[in-house]
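Enquirer: Relevant sequence annotations retrieved from Swiss-Prot are reproduced here:
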- His57, His61, Cys127: Fe cation binding site (BINDING)
Amino acid sequence: MTKEVVVESFELDHTIVKAPYVRLISEEVGPVGDIITNFDIRLIQPNENAIDTAGLHTIEHLLAKLIRQRINGLIDCSPFGCRTGFHMIMWGKQDATEIAKVIKSSLEAIAGGVTWEDVPGTTIESCGNYKDHSLHSAQEWAKLILSQGISDNAFERHIV
């Protein structure tokens, strides 16, 4: 018998969200009491556009570094297959407003001055697709996203 599962992100009505936003998906408690929080970091309005893979890949690498410089507890920040944003998994209870501020600050760094030397993991030894990066694209997407404002609410615009 196959176990019935519900995947929250496929239950979300993508036609009513208002990107860019940070949305708390869930807080889960592990078997020994550890808490993890899962966030939807939606940078692009679903079904209207998608970040090109090279730009998204570079944003991913930069966020891995920049988020950790701004807040403790990051487990992972991985892109959605639809290329409209990221899942962000954190240790402990976290607040969507604080995470939105961290994402905003990280995107500001990407938009305003990081250089190729600042992008971690861009060698054949450190990346599984090291040729598929674009700092220019990452910076242009960051500027566009920031111009729209980062909300801490997926359904009503509340810019941080």
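Each residue, glycine too, has its Cβ placed from N, Cα and C.
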Enquirer: Check the binding-site residues His57, His61 for other C-beta atoms within 10 angstroms of each C-beta and report the one with the most.
Expert: His57
Enquirer: According to DSSP, which kind of secondary structure is His61 (Fe cation binding site) found in, if we only use helix, strand and coil?
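Expert: DSSP assigns His61 (Fe cation binding site) to helix.
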